[in-house]
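Trainee: My structure is below; once you've seen it, I'll send some questions.
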Amino acid sequence: MNPITNEIKKFLCAIQFLTIIKLKYIRWDEKFTAKSVAYFPAVGILIGCILAITYFILSPVFSNTITAVVLIVFEIIFIRGLHLDGFIDTVDGLFGGMNKEERLRIMKDTHPGSFGIIAVVLLILLKFALIFEILNLNQDKVSIAEILILMPALGRYAMLIPMAIQPYARNNGTGHWTKFVKFREILTASLFMISFLILISVFLNLKILLILITLMIGLLIFSLMFSKYIASKIGGMTGDTYGALTEISEIFVLFAFVLCLYCF
C-alpha cells in the first residue's frame, strides 16, 4: 500500500473511532486501530475546529450561557458520548466495587449506577462553568477559539502514553486493541502536538508557547498519575478508563486556561 494512502487511512480510522462519522470502507482491525492513535490529537483538533466554528456562529447572536451549553452539547453529539460513557462506568466501578474483579464487572455493566450519574452531572456542570468563565474573561475571540481547539486535542493526546505503558486490565474487551500501541505512535503524536503548539504560537503570540508546552507536560504527568492510580485498582487500563481520562483531561486543560486568564 502507498505510504501516504496508508497514513490517510489511519487518520480516517481515528476519525471513525473517536467521532460519530462512520466510513464504510474503513474496516475494524485491532492492530491498525492501534497505529491510528498517532492521529488522535489530529482528530481532537478537528473536533475543536468544529467547536470554534460553532462559537463564531453563536457568539454574536446568543449569550455566553447559551453558547457554552450548545458547545458542550455539540461535542457530546459529535463524539457520540463515547468518553462520557467510559467516565460513568469508571466512576461506578471504582466506587461500587470492593476489589479488582468487582470493579471490572461493574464497569462492564451497561446500566449506569448512581455514582456514575452523579459524577457525570457534576463533570458537565464543571465543564460548563469553566467554558462560561473563559467566554466571560476573554474578549479575544481568536484566543477563545484556540482554547476550544486545544481542549479536545490535548484531551485525546492524554490517552496515548498510558496506552503504551499500562497493561490492558481484561483478557478481552472493546479496548483490547490498546495492547498493540507502540511508542512509535506516541512519538508521532507528540511531535505533531508540539508542532501544532508552535504553529499557533507563531500565528498568535510566541509568548504563550512556554505556557502551552508547560500545560502539555503537566497534562502528561497528570495522565501518568491517573493511569497508575487506575492500575492499582483494577490491574491496568480499559476502554472505559481511557474515556474517563479524556474527559478529566479536558477539565484539566480548561481549568489551566482559566487560571492563566486570572493570572495574566
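The backbone N, Cα and C atoms fix where each Cβ goes, glycine too.
Nobody curates TrEMBL annotations by hand; they come from automatic prediction.
Pasting the feature list from TrEMBL:
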| type | residues | note |
| --- | --- | --- |
| TRANSMEM | 37-58 | transmembrane segment |
| TRANSMEM | 65-83 | transmembrane segment |
| TRANSMEM | 115-135 | transmembrane segment |
| TRANSMEM | 147-166 | transmembrane segment |
| TRANSMEM | 186-204 | transmembrane segment |
| TRANSMEM | 209-230 | transmembrane segment |
| TRANSMEM | 242-263 | transmembrane segment |
Trainee: Who are the chain neighbours of the transmembrane segment (147-166) in space, where the CB to CB distance is under 8 Å and they lie at least 6 residues beyond its ends?
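Mentor: Same-chain contacts beyond the flanks: 18, 37, 40-45, 47-49, 51-52, 55, 71, 75, 83, 134, 138, 178, 181-183, 185-186, 189-190, 193, 196, 200, 212, 215-216, 219-220, 222-224, 226-228, 230-231, 236-237, 242, 245-247, 249-250, 252-254, 257.
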Trainee: Return yes if the transmembrane segment (209-230) and the transmembrane segment (242-263) have at least 3 CB pairs under 8 Å (sequence gap of 6 or more), otherwise no.
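Mentor: As far as Cβ distances go (cut-off 8 Å, pairs 6 or more apart), the transmembrane segment (209-230) and the transmembrane segment (242-263) touch.
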Trainee: How about the transmembrane segment (115-135) and the transmembrane segment (65-83): do they have 3 or more C-beta pairs under 8 A, pairs 6 or more apart in sequence?
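Mentor: These two stretches do touch.
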